[in-house]
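Peer 1: What follows is a structure written as structure tokens; I'll ask about it next.
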């Protein structure tokens, strides 16, 4: 039986009120076509999980069952086309997930700067779609931060190298590790903010290449080696943009990808589709995860097919969305990416839109954002 079939059967039991019963956690009830343990075993195989003692196994099994139930609730509540279910994080509590993969809660005060909206933004039309992934050699491959809480550094590095490739027509892959080792607050893998990354680049007069200064994560003590390697990219400044989504879309289409910081709560259970959350299910004020905004689009109207967690079909309305690049590897979400509804500040996507300023000394043909 496939994993999908296993989950489907288990969730039938779950919805019938039997999913979390003791009979699924023990063998006292006699043989069943499917037990929670069997589903959990497949999860362990798929994501290479093992637990050091029976008590820990039982605890993780209970968390896994709770998370599948939570994913089912999210599936029913979401107003978009998102599908929720089993992910690499399904054996973690919500608190553990936040501690392992989020950053510190972003402060209300940011570096002393003025929000910038170009004067020619207002009144100009925004293209219907924009996807920088389709432009040749602009967006790098999806990285995996692992157990290092460095989403802020990876998002900023992705922003800088994408803009450098657009402005200079030069392929560069900049060092995330340099940002971790040389960050002004010395937090390294313990979290940070994207503006810390930009200030580090300015203080060090640029960044070395990923090849010269490779990512090590939390596998070694952080020792700044910024002066040891040649700089391959640098910035003139960085800017916090307006929180107007129309202005953000225009800036993104004209200039290139930008960093945003969101509430990552729903990403623990996310598989694919457009997340259209409510403020109660994803508080836009509590942002804790930085990612790269690479494009936007609009889903066509139609019928959404049933999912593993919900076999019922529902009307799919035309939904505008953002395309975001994550740092949890290409096997998560939509090949390392995810989509958020565009137009209502879903999960706080407009709270901290930041971008580097990378200017080219030579006038070259502009690379436009592919539709």
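For all residues, glycine too, the Cβ spot is worked out from N, Cα and C.
Got these off Swiss-Prot a minute ago, pasting:
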- 1-21: signal peptide (SIGNAL)
- 48: N-linked glycosylation site (CARBOHYD)
- 112: N-linked glycosylation site (CARBOHYD)
- 148-189: disulfide bond (DISULFID)
- 151: active site (ACT_SITE)
- 182-224: disulfide bond (DISULFID)
- 203: N-linked glycosylation site (CARBOHYD)
- 282-347: disulfide bond (DISULFID)
- 289: active site (ACT_SITE)
- 326: active site (ACT_SITE)
- 344: N-linked glycosylation site (CARBOHYD)
Peer 1: Among the recorded positions 48, 326, which residue has its Cβ surrounded by the fewest other Cβ atoms within 10 Å?
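Peer 2: If we count Cβ atoms within 10 Å for the recorded positions 48, 326, the smallest count is at 48.
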Peer 1: CB neighbours of residue 289 (active site) within 10 A?
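Peer 2: So the number of other Cβ atoms within 10 Å of residue 289 (active site) is 25.
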Peer 1: Distance between residue 182 (disulfide bond) and residue 151 (active site) at the Cα atoms, whole Å?
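Peer 2: Pair distance, Cα basis, whole Å: 16 Å.
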Peer 1: Look up residue 347 (disulfide bond) in the DSSP assignment and reduce it to helix, strand or coil.
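Peer 2: SS state of residue 347 (disulfide bond) = helix.
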Peer 1: Using C-alpha atoms only, work out the spacing between residue 289 (active site) and residue 224 (disulfide bond) and round it to an integer in Å.
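Peer 2: With the alpha carbons as reference points, the distance is 24 Å.
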Peer 1: According to DSSP, does residue 282 (disulfide bond) sit in a helix, a strand, or coil?
Peer 2: coil
Peer 1: Report, as a single number, how many Cβ atoms besides its own are within 10 Å of the Cβ of residue 282 (disulfide bond).
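Peer 2: Other Cβ atoms within 10 Å of residue 282 (disulfide bond): 22.
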Peer 1: Using a 10 Å radius around each Cβ and all protein chains in view, which of these recorded positions has the most neighbours: 151, 189?
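Peer 2: For the recorded positions 151, 189, the Cβ with the most other Cβ atoms within 10 Å is 151.
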Peer 1: Which of the recorded positions listed here (151, 203, 282, 344) have a Cα atom within 10 Å of the Cα of residue 326 (active site)?
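Peer 2: Passing the 10 Å Cα cut: 151.
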